[in-house]
Amino acid sequence: MSHNTTHPIGCHTRSRNMTGETLHDTHHHDSRLLGASDIRMLAERAGITPTKKLGQNFVIDPGTVRRIVHEAGIQATDSVLEVGPGLGSLTLGILETGAMVNAIEIDRSLARQLPSTIQEFMPEAAGRLHVLNKDALQVTPSDLPTLDNERPFTLVANLPYNVATPVILTLLERFSSLNSLLVMVQKEVADRLVAQPGTKIYGVPSVKLAWYGEAHRAGLVGRNVFWPAPNVDSALVRFQRTRNMQSSNNATGMFAIIDAAFRQRRKTLHAALKGMVHDSAYIVSGIDPKRRGETLTVDEFDALAQAESDRPFQEQHNTGASGSDYDAKLS
């Protein structure tokens, strides 16, 4: 197992077998978090048989829950969004810090049961939980009035691997005050999210997430902390936002360029972006049109999109503006 030397805390809390970890809490506190027998009991109560379709793998190890909460750096004054709380393992860990939790759960029976689970295991925290029974990809700020859009909040979640990337990118787009996140995802998904230009796994998610801010891997998670045990490894991804859609004048155009560049990733930019990016935009941005999209950094994509969005205005004010059909179409 590779240790991430940039995050010594993650290394410190990782035990060989990933079970029975105790960070700095008493056994009494562990009893308020969910163990394997609690999870099975709650699943039975909810009439839940974990399904692959929803990517349901429930965390059964309190040590792993504490590690995620610790890595997320949650304070008592924080507002936290959790997607896919399931049976409440991580929810209890977050509530234990004193934070407010908004939980989005797509499964109706799980959403209905979560408040009573908190009432049973951590009654004093019940008033700090708000549960929304909805698909996270359909959620808008109006669905979560308790998340004040002026006040930064953080996303902490064990995300089902099949929707992890769209959930992260959709929430970052819609919620400008979603300031940071710490998510547990399939290891391959984590690698793609933090991939660098020129690598095989660098793609649309890597570039878009890099546009919003900085993402890093924050350690591995073993398979046996879940029930049922998945057949893939998991990893933690930490992210800090630096930009949002609302304050950018060319993000939409840039995202369209990124999508097109990777749709045919073996083609040159000139071929892949034909009809979207004019030759002059390459000159202004200093990007060689013979390069492939997979070699561009997010800042280079940004420069190219900015040059393209500025172009009709620039050419309009230049003597001898081309006035071609192509320019008219873009104006």
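Just so it is clear, glycine is given a Cβ too, placed from its N, Cα and C backbone atoms.
Model, not experiment: these values are computed from the prediction.
Among the features that TrEMBL reports, region 'Disordered' is placed at 1-28 (among others).
Taking a C-beta cut-off of under 8 angstroms and a sequence separation of 6 or more, N57 (S-adenosyl-L-methionine binding site) has the following same-chain neighbours: P50, N158, F226, W227, P228, A229, P230. Annotation source TrEMBL lists S-adenosyl-L-methionine binding site at N57, V59, G84, E105, D135, N158.
Residues annotated as domain 'Ribosomal RNA adenine methylase transferase N-terminal' in TrEMBL: 64-243.
TrEMBL lists 307-331 (among others) with the feature region 'Disordered'.
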Longest CA-CA distance among N57, V59, G84, E105, D135, N158, per record bound to S-adenosyl-L-methionine, angstrom: 21
Cβ-Cβ neighbours of G84 (S-adenosyl-L-methionine binding site) (radius 10 Å): 22
Cβ-Cβ neighbours of E105 (S-adenosyl-L-methionine binding site) (radius 10 Å): 24
Per DSSP, three-state class assigned to N158 (S-adenosyl-L-methionine binding site): strand
Set of same-chain residues at least 6 away whose C-beta sits under 8 angstroms from D135 (S-adenosyl-L-methionine binding site): I106
